[in-house]
Each structure stands twice: as C-alpha cells, then as structure tokens.
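**Student:** Structure incoming, see below.
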C-alpha cells in the first residue's frame, strides 16, 4: 500500500486525493497536482512548523500516516482501515511459525486523529468507520451539510464552513442579481447532492428563487452525457443562471459541452467552493466561463508555504513518495531513460528544474485550511497535554494512548488564529463559521482573472459595479421565469412554481390591490389610468350648450313664441265670429296646455335639484293632460250633439261653455291628484346614477345627475295623458262624418292621428335606448321633442288656419248700428255682389259657410241630394224637377232673408243686423244669380 510514513510521538492520519478517480476497473487515475500534492505538502509543512515550534507541544513530535483516496469513497474506506489496525486485537494463538513458535507481528502505529478527507462523500464514508473507534477527524475541504449531523458524525469536525452557509451565500447572491429562476447542476455524491439540496432549501426559506431543473452528473458519465445535460438545461431557456456544486473535472466537461453546443454567453455560471478561483476548470475555456461567479471560503495565500513548496526538489523531499510523479508531470519530463519512448518530445528530467521558475505555480485554494486543520489538532493535543500532563515533558501515561473522546472535546474548544490570521473555532456540530469571498471570472484585454467582487459573513456584501458580463458589460443579465407584470396587472402563479406567473390585466372596473389581486372599484368610482387605484367617476348632466339640447330648445322657443302669438291674436279678435265659433273658453285652456308642453323642455334641460325635479313631476304630464282634456271635451260635445240629433230634436246636456270648462278641469284634476299622491309616497329628489353610463371601458364612464324618476314612474306620469289622447282619438274617429259646418271635428281628428304617430315613434326610441351609454341625452331629447311636436301639431292644425283667416283672408270686422239704415239713394259704387267681394279671395263654402250655419246646413242638404243623383246615374227623372226648383227657391229665400240685404231706398227687412263679415260699408244689395242653374252652380259648384 502506497502511503507516507513519518515517525513521531503522536501519529496523525492524512487523507488526500493525490490521484483522480480511475477508469476501466482501475482504482486510481491521473495525478492531481493542486488538490493532491499541494494539499499533502501543506500537511507536511504544518507538521514541520509544529515540530519546530517550542511553544506548541514542546518535546512532543507529531508523526503522520498519509494515504491516497484516489478521489473515490470506496477506495478511501479501504485505505482508512490502516488507521484502525492498531486498535484491532489480533489473536495469534492459533498461528505458528515453521519452527513452532508464535509469529512476530509488527504493531502498527496508533493514529490519534485524521486530517481529511477532501471530498464530502469520502469524508462521510471514512467518518462512519472512524467514529466506531473514536478517532477524531478534521476535514479541510468537506462542506456537505450532512456532516453537520452531530448524532451521526459526532467525531467529525471541519475548518471550512458547511455548505449550509455557502448555500445561503449563493441564494443571497442570486437575489442580489435579481434572478428568480435558476437550474442546479450537481456531481453525484454527498458534496454535490447535499450542496444543491441545501441551496434549494435555503431558496425556499428565503423565497423569491425557483428551481427550473435539478440535473445530476453521474459518477461514471457515459459518452455524450454532458451534451445531453446542456440540451436539458436549454429546455428551460429562461433559467440562464446555473448553480454548480460539482468537482472541477465535471465543471470542465460541462463548459466544454456548452461550447460544443454553441451556447457561449447564454449560461451564467455560479460555482461553489469546488470551483472557487481555480484555473484548471476554465483553462482554454475562458470565453465560455466568462462572467462566472464563484464562491470560496475566505482565505489568504500562505507565503511561507510558497517558499517551502518552491524549494522542494527530488533530493530534499524524499518523504513524499508521490513527489517524483509530480515532478515528471509538472516539468513534462521523465526521470528514467527507460520511460522515454522513441520519437517522443518528452525530455529527461535533470533535477535542476525549479517549481515556479521552470513551471507555472499557483497555490491551491485549500492549502490554508489543511494547515489550519493540522494546527487545530496540534492545539487540541497541546491543551490536552497541559491538562493531563501538567509539568511533564513529553507524553505522560494519561496520554499514552490518547483517548479519542477526550481529544474531541479539546478539538471543539480550540480558538486560535490560523495561518492566514483568521480565527479558527468550531461550533457544537464541529463546523467552522461561514466566511466567504466572492469572485467573478472576468476577461479584460485578452487576459482572464478571478476578481474579488464581494464577501459574505452572515450577510452579503456585493459590489455589483465591479461585475462584468459577456456581451452586456455592467448590465445585469436576466435569469427569470416571467417578466414583471405592468401596473394594473395581477400575477397568476404557475402551480408549484412561485417564480413563474402569467400576467392578467385587471379588467372592467377592477384595480390592482396587490401583486396577486384585482378588486372592483366602488360603484361611484373607476380605476385610474394605470389601474393601481380608484378615482371618482365624473358627473355629467344635459348642458344648455349640448348638441342634444339644441333641437329641443329651438322647438320650445319657436313653439312658445307661436303660442303667445296665437293667444295675442285671439285676445285681440276675441269677439269675432271665427274666435267665438272656436269655443273661446276651451281654446284658451288648450293654448295654456300647449304653452306648458313647450315650457317643459326648459325644466328637462335645467340642472336637476329638489325644485327642478318637483316641477318636472308636476308639469311634464300636466301640459299634455290640459291639452288632451280640452280636445277630449270638444270631441265628446260634438259626438253627443249628433248622437242626440239622431234620436230627438232636444239639445244634449252639458254643452254650454261653463259645463265644458267644468268637465275639462275635472279631467285635469285627476292628473294633479295622482301627482300629489306621488309626492307623498316618494318625495322628489335628485340622484347621481352611475349605471346609465357605466360603459365597458371605464375611461368613458360617467355619473348622470338626474331626477329620481324611473321608467315605470315616467310611464305612470305620461300614462294618463296617453289615455286622454287615445280617448280623444276614438271620438275623433267617431265624429269624422259630421257635417263640415262643425269644422273643428276633422282638424282635431288629424291632430290626434298625427300625435299618435309621434308617440308611437317615441316609445321604441325612448325605451330601446335604455342600455345605451348616451341614454340620458337620447331619452331626454326624445321626450322633449315628442312633447313639443305634439304641441306643435295641435297648434298648427287647430289654430294656425284660424289665425291665417283672421289676419289675411277676411274683411275687417265691424259693428253696424242697430237698426241700420242703408243710404238712399244707393250709389252705384256701393253695388257689391257677395260672390265678387267675399268669394273672390277665399273659396266658397270653406270660409263663408262656417259664418252662416243655416246656409251651411242647406248646402249639406243639397249636396247630399246631388250625390244621390250621381249614384242613380244620369239626370234625375222629370218628376224630381219641381222638388229641385222648390229647394232652390227655399235656399234663395233663406239666403236673401239671412244676409242683411239693404235695397236702395228701402228700410232693411229684419233689423237689427247680426255681427257678420262685411265690407267697409254695408252693401247696398246682395246680387244673387238670376236663374236657378247659375244659382245652383254658384252655391253647389256644378252639382245639380
């Protein structure tokens, strides 16, 4: 078995990965110069210093038994049996030599403590056997969190911090770089798997970091295994940060695979202390490794060791049995000529080569910790000797042999300054405090170096401004699952992955309460532009200058002016026959209703308040109720007169003006009574309705200031007026056949037909826009225009023709004295035939007859006879001629007696004269056609 033996009073064991893991059934592989030889020599260097220190273990020499683990836990376990051989009792009673005597067995040295091992998996394997024999163990490089379990590894201690601290430091770095989505890569074994597990645990505890993938590198990777690993890491391309807990060989092969996959600059590596500041993993892979952040327990280069190691030669370092192999590997030469192959460029070693001069040299990162581990064992032994052997030189019986359990207690209580000046202590689990330096591998001006960018001692101190990243300079690269949500968007996390989410915008009237919640604003508010809060919804009303108010106001102003003009005209000519024939009393009531219909427009557009809303309730339906009540009373009177005439010659009841007014006011009072009840049940007030214009897009939402009148209330309010209107229309239909003498029957009918059409158009427009965003404007405009049009129809059809006749087509009215004496003799200039004077400007019958009911009645009679003659086809039988002449004679006599004829030189036949349409002076005579044919044509057209 290859090992280094150094004699001493107390022997310490040593475990170092002098060689790498072998392949194809071999236990050991190639020589590991830094991790193997540097660290082994560091133990020898420490032993020399302690043995030469008069203050530390005076007169006690430390020896050593150093073994090669070959970077394999199973091989290390086999090697470690050497340390316990002295503790195993050997029974030689049954063994005899050839001479018959007992065998001579050389008792192996007793190992009181072990320095090592390097890899965590190796230390775990060795610790399991050493604890059985109570041999304390101090590791210089094993950082797996599992080794902190004092119940399983109670004799294990280490001068390096646990990966629990390292994992915490790496999580803090990831958070500082604003990464939240990373993948992990670990070498199979305790170090890699435990390190990744600790990182995942700490990331969960701290939150904000999610693991995309956890990839494991097999102990014995197959060909193409690392290419598959890179492809797998690319499956989560957003996870560009790769956390590596792997040995340096695996790290190097991962970087090579990334370069083969042309992913240089895609991944950002974060390596544990196994990467540290080593140059071997990144040699000739500088571009792929650029920007890598690594972590290493806080250390300093030991200059004394540099001098010591640089001075080692084949002559002065024969105790190291692997040094000759190191020499050949380091200087690329061979010590034996027999080892040289023909044609090889390898030279023969001259033994004049010097480390650091003829070869590159850089102190391995764990050298300091190897020295501190040896010194920790030395200080523990020194304290134990002081307590157990006070005043004694050399070992005393109480320390021969050394009790492992006692030694462990002294190890856990050491407190001294290490070779680099750092304090060396252990906690109750045998772990050293966590102190790390943080490096970044940077390329500058073609040269690469590890640059210190921060440190970690319970808290992170990172100088981000000193970091350099490939392709982006100082701009931090991203390794995130999802981009941050914009204001007004909530996060919907992916199940099982808190760092991955979908951004869902707050919709409608929702605003963002926090990162994960959208909440609906209160009914009178809407979200702000970025949906991070709510703001009051603007309140609107129908303004006077609104385009929606232009048409209603125009109709109302024109209608009011026209109504006032009619009223003034009727008042001015109040005693004229045409005004009297219109029914003056009801005419003024109807005009008052028309005026109120127009005036309602101003109430509907005025700003809603208590007074305005109260007036709206009163006058919105009252104007139409007054109008239709008056019209209904008129049509009912006409209908009752003619129905009564069919049955008897007596006049119907309640047809006098006073009765008509009473009926009208009774109908109006029903409307007023309903309004009063409404006020009692539901007092009037204004409200702000936020539903009328609650648009899908809250930016256009508006609160509508309006009176508290629902659609149902409006229907009830206008329903009575509609009932009057429909009833009046029914009577208008029934009286459509009355004689033309009752000239208002047909205009009233036309008025009601047109009004019905207006309101039939109003209903679908008004109620069909209840869901429109412009409901306020459309409904108000529709209602006011409909009311104004109804009033305009009544005003135009019932009163404008009368005003026209009064102002433009009739002689000036006069009142002749009674009795009237015609002038005698009668000047020829006063000869004024009625057809030439009266009918030259107006058509016959239409204006003449209403003023003379008797003539109108006779006209109707003869017109009916004419129609009967036409129906009979051809001229009337001769037997009817005498009847016609008789009727014409009667008509002529009636016309002559009715009209105030005043023949020259004669007194009038029937004074006094009625107030009638007349010329400026009374006509001298009424020149009627002489013969019956001309008279018939004059009165009846070409009838008889």
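Including glycine, each Cβ sits where the backbone N, Cα and C put it.
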**Student:** Would you please say which range out of 548-574, 629-655, 683-709 has the annotation transmembrane segment in TrEMBL?
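**Tutor:** Comparing 548-574, 629-655, 683-709 with TrEMBL, transmembrane segment matches 548-574.
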**Student:** Of 506-527, 660-681, 814-835, 836-857, which range does TrEMBL call transmembrane segment?
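**Tutor:** That would be 660-681, per the transmembrane segment entry in TrEMBL.
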**Student:** For the record in TrEMBL, which of the ranges 448-469, 470-491, 712-733, 866-887 is the transmembrane segment one?
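**Tutor:** Within the set 448-469, 470-491, 712-733, 866-887, TrEMBL attaches transmembrane segment to 712-733.
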**Student:** What parts of the chain pack near the transmembrane segment (660-681), using Cβ distances under 8 Å and only residues at least 6 beyond its ends?
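**Tutor:** Distant Cβ neighbours of the transmembrane segment (660-681) are 583, 585-586, 589, 614, 617-618, 621-622, 625-626, 629-630, 632-634, 636-637, 654, 713, 716-717, 720-721, 724.
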**Student:** Thinking of Cβ pairs under 8 Å, which stretch from 548-574, 712-733, 776-799 has the most of them with the transmembrane segment (745-770)?
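**Tutor:** So the stretch in question is 776-799.
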**Student:** Counting only residues 6+ away from its ends, which parts of the chain sit with a Cβ under 8 Å from the transmembrane segment (548-574)?
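**Tutor:** Same-chain contacts beyond the flanks: 542, 584, 587-588, 591, 594-595, 597-599, 601-602, 604-605, 774, 777-778, 780-781, 784-785, 788-789, 791-792, 795, 799-800, 803, 806-807, 813.
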**Student:** What average pLDDT does the predicted model assign to the domain 'G-protein coupled receptors family 3 profile' (548-809)?
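**Tutor:** A mean pLDDT of 82 is what the model gives the domain 'G-protein coupled receptors family 3 profile' (548-809).
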